[in-house]
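**Q** Below you'll find the structure I mean.
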């Protein structure tokens, strides 16, 4: 039969060969004779090893061979074990090892309790060495070895279901064999790729791609480690890493598959090996090398290593920070600042916030001001390194000054290194640091849902008009509310409650298919993405018919709540918010103004957003307060509430000098609202106009604010404020190179202020 098969094989087409393989396989599966089955297995094995055989026929021959081994009635375990040895020998053919090195081990593996078949098994083992030495059969051998071994384990009703794994573990250095084979095959693939460069599509042996080689090795290695309950020792882990990640000829596929393999196989490494791999290999990666798979690997080992060192503690599904000196924390900062992948940068930024504050042990959060100062100091140090070559001495001085002040009073910070020399890279680092600070403030202050006394700058002045088209779900009635972009959603909720004559707590607001819960009441409309013409849907969760008394009870409840919010405890809580610490303790304004002067639109935007999140610059407030008696100033009243001790020392020498010489009101106004004035820019003019707006048209409506507004407005008009505001809108007052957003912001707020001051002047004249 064998002679007929080989004669037909040589002359027939591939299609006939497929049918011939199917016939041979069927004969082997249905045979009841051990000799017949064994002969069929030999024929299929030899056919699969023919050097010129197409890959599809090699695959079919291997599948038929495996089907007989796993399903045939007449196949003994010794035959299966024999073909396991054949597979191992095929894998070894790629390595330069001595031929007879493992002959004794093979014999003991084959005999064991099956010694009666020793002669037959040895003859079968020798047959695997026949054939062309050029025919590399590594990929099929790995697949066959994997499937044959797994077929033993599937026999769950037999006591020896995993005996094959234990025998392989005992008699063969399988892990060393597979990692060594992978290294050799990688070298062959690099050679085959030549000048074209290695990729997953590189044909290593003219038949199988490099990706198939890589996948076959890593899949079997993971399978064997798990089933054999083996840990990957450091030498083997290092061998894999050096071959696939840090080697000079690695390709993207190498790194991706290695990162993913170690992530999934984390439990195949003991804790000391995880520590070594993390500190000696993962932390030595460059941020530009980190892909999403690499970042997931880093996160996995970061958690495992710090859990092992008791720096982190698992509480349910969350990891709680027990110590601030987390291993690898500085590497997260580097990734966040230097990776070219925005998605990875965003995830790294979130990790920094999580492990710097959000997930800290509650005991550690008791001194939240120190934690915020440490975070800001860490940002400053990195900013100082990145800005040293940008913006000239003024920017460097502003950052260095703030850094020295912070590091003198805060907790120790991690070492930093921003090594990239290019200007574009440094600009990205600065932008990312500003984004990190912005998200740090938002994340933490979103947890503080009570009304603010120390307002963020963005909530202190009127934004652009917004029309809210409200639909009441119960009656389908519609009405329109006029608001502005810097109004809080809590204020809108109150207006809706008044319109519907129902308790404010019963009002549910839906915008853009999402519900705006009451814990978001301090968010501004602009922060929620409201458009100039925004549609809202409102539901009332209360029962019964609303009455007039409900509004009165709401007012009473609100008054009672306000008393609680203005308590000493609430004020202390507010003083510990990160935005307040940035503005009133850490002297960030001079540095932010200098960064805006870099004329980089992305950085200017980040500076702008951060300034809107933190309280208004005290120096600008103090300068404008010179127009009114100190005791009637809203800012003076607020300043007595939140002075933190360090605030008095944060004023710039230039401003102090101005105050000592008592400059005129007109000269102070000109220094604040003329972009060509010393130290000024259009960006700062816009900011100062917003502060002016908060003085003339404050968003708070308490009696003290109303009294202060009247006095301030009169002094402002006497000093020629209206003409000054109008002059800002003149064509030559704003340089032509100023970006569109800043220019439009200046014009918009000037029109708003001019309209208000003109109306006030007209009313005052009539009186």
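Here the Cβ of each residue, glycine as well, is placed from N, Cα and C on the backbone.
All annotation found in TrEMBL is predicted automatically rather than curated by experts.
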**Q** Looking at 492-513, 514-535, 536-557, which one is region 'Disordered' according to TrEMBL?
**A** 536-557
**Q** For the domain 'UBP34/UBP24/USP9X/USP9Y-like ARM repeat region' (117-306), what's the model's average pLDDT?
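**A** Residues in the domain 'UBP34/UBP24/USP9X/USP9Y-like ARM repeat region' (117-306) carry a mean pLDDT of 86 in this prediction.
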**Q** Mind checking how the domain 'UBP24/USP9X/USP9Y ubiquitin-like' (461-540) divides into helix, strand and coil residues in DSSP?
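**A** Within the domain 'UBP24/USP9X/USP9Y ubiquitin-like' (461-540) the tally stands at 18 helix, 33 strand, 29 coil.
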